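These notes concern the structure reproduced below.
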Amino acid sequence: MSKNYHIAVLPGDGIGPEVMTQALKVLDAVRNRFAMRITTSHYDVGGAAIDNHGQPLPPATVEGCEQADAVLFGSVGGPKWEHLPPDQQPERGALLPLRKHFKLFSNLRPAKLYQGLEAFCPLRADIAANGFDILCVRELTGGIYFGQPKGREGSGQYEKAFDTEVYHRFEIERIARIAFESARKRRHKVTSIDKANVLQSSILWREIVNEIATEYPDIELAHMYIDNATMQLIKDPSQFDVLLCSNLFGDILSDECAMITGSMGMLPSASLNEQGFGLYEPAGGSAPDIAGKNIANPIAQILSLALLLRYSLDADDAASAIERAINRALEEGIRTGDLARGAAAVSTDEMGDIIARYVAEGV
């Protein structure tokens, strides 16, 4: 690859800097093995930015992200900043404004049960034995969270509250295309989640998804009601490849998918805009209770790098190399403390070293 790429690196707070260090070790291995020209610049965000600049998202950080091809984000927040007004705290003052500024309308959250980690899955052993590898594609900027009107009015027995589920054609079309394009990189199946037996917004959702599906004759499309989908994820998650969801339904199902893997330390997340620019981050939090102890699981951060390579840099070979290296490490029984269950555990640094070495060796 001859193109030059630039990544904005935002380590953040808590375990963020520790796990980000491991992801950058792996990036070095990718650069060397695949002869990719990738540069990085570090910027403060969240609590670290409050401490150093007096605000959770400094203008220099936003400008640095604007000049990058993608953003690799760590995690933000912690007890130190909880006394601040909500809109000035690291989470609401940094991550949400970044999503809004870059018009990140789609959220991709993979949930995979890795071989050797079946015991962590809360489902029945015979279900866990089948494994699963699901990508939840969630629309982020429309739906009931943002629809108008919303509010409260009246008093006494006539007091009421109301929210409005609104979806425009363009919002459904663009998130559907993300799901179908993602399925082409995976197992060629999309399951669209709705409530088209009741909701007008879901009827439109299903109609438009069917229209977009005609552009992807190689992709199998199924529709499923949200209530049935929550049950089917428990009954047989292996049946799913890509889940296409509205904002509300994706909020619910992505967390359910995460829960059945058994470890938040393994789950990456991507938020994309229409130009393919993305913000990539672990699905878990900043875990301030274990920060600085060199025991955090860096795999979610490393997998976030893999997503960045796949979706923003179109480097699928490099992303797959990272995923294979992680699979190899787990198959060999290499575990950080959250996965060790009394067995010997490796440190954050050691896990990063092992995965980087496996990428370099081309396992």
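Every residue, even glycine, has its Cβ placed from backbone N, Cα and C.
What Swiss-Prot says about this protein:
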{"type": "BINDING", "residues": "78-91, 285-297", "note": "NAD(+) binding site"}
{"type": "BINDING", "residues": "R99, R109, R138, D227", "note": "substrate binding site"}
{"type": "BINDING", "residues": "D227, D251, D255", "note": "Mg(2+) binding site"}
{"type": "SITE", "residues": "Y145", "note": "site 'Important for catalysis'"}
{"type": "SITE", "residues": "K195", "note": "site 'Important for catalysis'"}
At a 10 A cut-off on CB-CB distances, which of the recorded positions R99, R109, R138, K195 has the highest count?
R138
For D255 (Mg(2+) binding site), list the number of other Cβ atoms lying within 10 Å of its Cβ atom.
13
Which one of the binding-site residues (A287, A291, I295) has its C-beta surrounded by the most other C-beta atoms within 10 angstroms?
A287
Distant-in-sequence Cβ neighbours of P90 (NAD(+) binding site), under 8 Å, six or more positions away:
G12, D13, V45, G46, G47, A49, I50, P56, V76, G77, G78, W81
Please work out which residue of E82, D227, D251 has the most C-beta neighbours within 10 angstroms of its C-beta, and give that one of the binding-site residues.
D251
Nearest to D255 (Mg(2+) binding site) by Cα distance: which of the binding-site residues R99, A291, I295 is it?
R99
On the Cα atoms of R99, R109, R138, D227, which are listed as binding substrate, what is the maximum pairwise distance in Å?
29
Looking only at G78, P86, which of these binding-site residues has the biggest number of Cβ atoms within 10 Å around its Cβ?
G78
Shortest C-alpha distance to R109 (substrate binding site) - which of the recorded positions P86, Y145, D251, A287, A291:
D251
Y145 (site 'Important for catalysis') CB neighbourhood, other CB atoms within 10 A:
14
Check P86 (NAD(+) binding site) against DSSP and tell me helix, strand or coil, would you?
helix
Nearest of the binding-site residues (R99, R138, D227, D251) to E82 (NAD(+) binding site), judged by Cα-Cα distance:
R99
In angstrom units, rounded to an integer, how far apart are the Cα atoms of I295 (NAD(+) binding site) and R138 (substrate binding site)?
31
Compare the Cα of D227 (substrate binding site) against each of the recorded positions P86, K195, D251, A287, A291 and report the nearest.
K195
So around the Mg(2+) site, D227, D251, D255 aside, which residues have their CB within 8 A of the centroid of those CB atoms?
I226, T230, L248, F249, G250, I252, L253, S254, E256
